Amino acid sequence: RLATLKVNVWTLLLTVTVCDGWLFDGFAARRHSESDEVALWPLPQKFQTSVDAFRLSSASFQIVHAKESTAGPSCSLLQNAFRRYYSYIFGNGRKHGKNLENVFDADLAELQVQITSADPECDGYPSLKSDESYQLEVNQPTAVLKAASVWGALRGLETFSQLVYEDDYGGQNINKTSISDFPRFAHRGILLDSSRHYLPLKVILANLEAMAMNKFNVFHWHIVDDQSFPFQSRTFPDLSHKGAYHPYTHVYTPADVKMVIEFARMRGIRVLAEFDSPGHTFSWGKGQTGLLTPCFSGSSPSGTFGPVNPILNSTYDFMTRFFKEVSTVFPDAYIHLGGDEVDFSCWKSNPDIQKFMDQQGFGQDYRKLESYYIQRLLDIVSTTNKGYMVWQEVFDNGVKLKGDTVVEVWMNNNVDKELQNVTGSGFTAILSAPWYLDYISYGQDWKKYYTVEPLNFEGTAEQKKLVIGGEACLWGEYVDATNLTPRLWPRASAVGERLWSDENVKDVGSAYDRLVKHRCRMVRRGIPAEPLYIGFCPHEYSGN
Amino acid sequence: MPQQMSQSTDRYPINPQLLAFSYARDSAAQSGCSVLDAAFERYFNLIFPDFVGGTGLSNIWSEPKPFTVSVKVKNGECDGFPDEGSNESYNLSVSAGQAVLKAESVWGALRGLESFSQLVYQDDYNLYFVNKTEIEDFPRFQFRGLLLDTSRHYLPMPAILKTLDAMAYSKFNVFHWHIVDDPSFPYQSRNYPDLSSKGAFHPMTHIYTQSDVKRVIYHARLRGIRVVPEFDSPGHTQSWGKGQPDLLTSCYKGKVPSGTFGPVNPTLSSTYQFLNGLFKEVTSVFPDSYLHLGGDEVDFTCWRSNPNVQAFMAKMGFGSDYTKLESYYMENIVNITAALNKTSIVWQDVFDYRERIPMDTVLEIWKGVPADYRAELGRITLAGYRVLLSAPWYINHISYGQDWRNAYTVQPQNFSGTEQQKKLVIGGEVCMWGEYVDATNLTPRLWPRASAAAERLWSDEEKTSSVDKAFPRLEDFRCTLIRRGIQAEPLFVGHCKHEYSGL
């Protein structure tokens, strides 16, 4: 395939130029070549570049709507993106090299962005079906970015900004380039956990920025769990009032949630909220009396509580009202319902539950009780017209699922078998098992994440198509605002390229060289992405 | 945790408007004492992080009462530098309306002010209180260090200064500045400017100028922290070679130079002239009486390949024992340091050549698991040398979970040896090597994990033997650090009243 060949030739070339003088060579001795500064991440599907370079003048360069575009100045999503990428390219209030004498033959005057679909989706939300493909032609005097919708345009703008490099005089340059790009997987997510530790809004927003720099498109918001319930519900205000770490300082108000969703939308990122039950719900019980199962010690209640009580009608009434609200707050077509790691010991201890088990004929199989609960919950959520995602146990336990259910595979034993089973049953799957980024270790563990091949399981081509993507998960036991960002980036970038680029883009050596620069680019854009190994960035992180 | 402390539930309100630090009449240090004047200002802000002036709500509830922190220092040392002999002991007595802090030196007074600041707390109405308290405190070990590596990654000045701030909060007293190494040479030398102009990652942006170094030393001094620089040789010197031709050994491939370089060339007199010049400068720039000379991990393959080195070996009668050559080199540079009236610290590797190094040399133990470092502690102290322990505190090695517990449960004097030998353990160091660390992740990786080691080095071992009892205190302390602007990472699930608000 020609496309792949091009990619390989290019990465080879990149490796050679990049290895020469990035790490240890003295600055003075460093040879400068045009492609030296360019490090695309994730690597586009097809592209060609030449040594012809054009200069970008901060005074006159513009990003504009193409005449033929179906979007125009009223498309605020693009207007904002144009400004954002202009700032990334030229820096905020940085001095510009516009007084330099002519070094190159010509300037690149503008980037024209052309949306080709009748509906550019300016005011829409990105979805699983969004078309993120784009074509980018950089040539004098105008570069043209074509995309069916704004979602592809956003990806193309990111790529364009990564093509621009700074010369030794501080001027901005770009080479003649031709790119045709699209994602390998439609679901490319990052999970953040705002329950084990509360994450201030600022941290969430910064990570949405970083996600866009890495072409991620799903923010999986594990918003509540055992430890705290920071989501402020309009219908059940006591949930956060009593279940958050602090009822005012450690909550997400409706306005906060709106802001996250809008900030994400502007970057082509879906916000997928997870309200995990029946386990992982300890904090729910504080503000919703009677929701959790009272655990028994012998024949009397022990005063502690277990998972959601699945035998009461009040439970399902609550869930109906609660998810009705959730489904209106979060515009995404999917809700993540969790369903993982249910501990049966409390259910077992409770005589009412035992009675219910008998009535239902479940015997001693508490998985059946769990399935009973999940089944009813799924029916409730179905009435809100949302699709749902669940952790793999729900599938494993044989719960009857709607055809469009997405099963998230997270258990790191028998991943291949699980993917085979899930897709074999006709369900779509998302892979997160190899990408639990909260598990840290000494050294360059990004390589481990990078070399995962999601489709390496046995199955038909049809089955493989059912794997729609993956997620890097940063669970919050040991993570809060103090260490989240450097722990996530650039390690998650490795996952980002795996999910976007062609499967043949897998050379760790060339990835290293590009990723070193990409991390410096993130640092320069204000994201404290940690180093991969020894070395430096021309512009180091300057702190908080 | 202080050595002796008793507290009662009697509490006294402190009104930010009416808190005053003062020098006791019979104190050797008085107003104008740079160290303490600065400390008073600093600790006022640390004690009242949200104080913005104006009248607080506090006087609505109660008649405001003045509170005085009176400091008495026996010997001034206001303008001096902390050093190995510095006395850091202090007594602190908190009663109604006053705290009396007595110390031998300003360095002890600084430790006492830190303790006082940690005693003050806010109630649910944000009013400040301190309980009736008596503290008698002194450090268990004289040398409580933290190593930063500015060669593998350049650390901008704010990152270093912030680390010094945080060190003071944990009562660390030595900043071991591993300033240069193979990857880069950021120290800008007065006498050998090419070292950094050619050996730094970037000659202008990735260097420490003389005034940067001064600023670090000054910032550290005001916090009672010594700055011990390390100029590691003969290995770990690739970056030196760029600005100092002929310093490094030229490696050979067969009979011809391969174009690569190995450790410092120990056979040339020009080498020692250069090192004499460099160390003369370094010892005048860094006031501390110690200088770290490195001496670790020397790879002999390049020396072996070089015919001139081989000839020198033959001439000296070293046979093919390259450890003798290394020892010859180390002896020479330790003597240079001694002639400059400085005490040398070297990594434990150098102990194998002990016949050649002065008895006042300090050996730093960095290798191995507990069994190994205990054996080393026994072996080296038996020979009568003083030792520093850093092996269990390489906190650049990260892992999932609460690894601070390992750092906490270290027993630095738990090795077989006499009482005399145990006394030769002068302290320890937390090392944050820089392979995977720069300004983006340094602070959360250091804190509060380093604080666990700090307690081990300061506090009584028996009184602090329980990790589980340390856990809630360390959790609180990490929130204190955050309140003070240090982005210390969490120990486990939970929250701080005031979360970190940066990125």
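Just so it is clear, glycine is given a Cβ too, placed from its N, Cα and C backbone atoms.
TrEMBL names the disulfide partner of A:Cys295 among A:Cys122, A:Cys346 as A:Cys346.
Counting other CB atoms no more than 10 Å from each candidate's CB, the disulfide-bonded residues A:Cys75, A:Cys122, A:Cys295 peak at A:Cys75.
Within 10 Å of the C-beta of A:Cys346 (disulfide bond) there are 21 other C-beta atoms, taking all protein chains into account. DSSP states for the domain 'Beta-hexosaminidase eukaryotic type N-terminal' (A:40-163), grouped as helix (H, G, I), strand (E, B) and coil, give 29 helix, 33 strand, 62 coil. Sequence-distant neighbours of A:Cys520 (disulfide bond) (same chain, six or more apart, CB under 8 Å from its CB) are A:Cys537, A:Pro538, A:His539, listed in sequence order. A:Glu341 (active site, proton donor) is surrounded by 12 other CB atoms, counting those within 10 A of its CB over all protein chains shown. Among the recorded positions listed (A:Cys75, A:Cys122, A:Glu341), A:Glu341 has its Cα nearest to the Cα of A:Cys295 (disulfide bond). A:Glu341 (active site, proton donor) is 40 Å away from A:Cys122 (disulfide bond) when you measure Cα to Cα. Here the CA atom of A:Cys75 (disulfide bond) lies 44 Å from the CA atom of A:Glu341 (active site, proton donor). A:Cys75 (disulfide bond) sits 54 Å from A:Cys346 (disulfide bond), taking the CA atoms of both as reference points.
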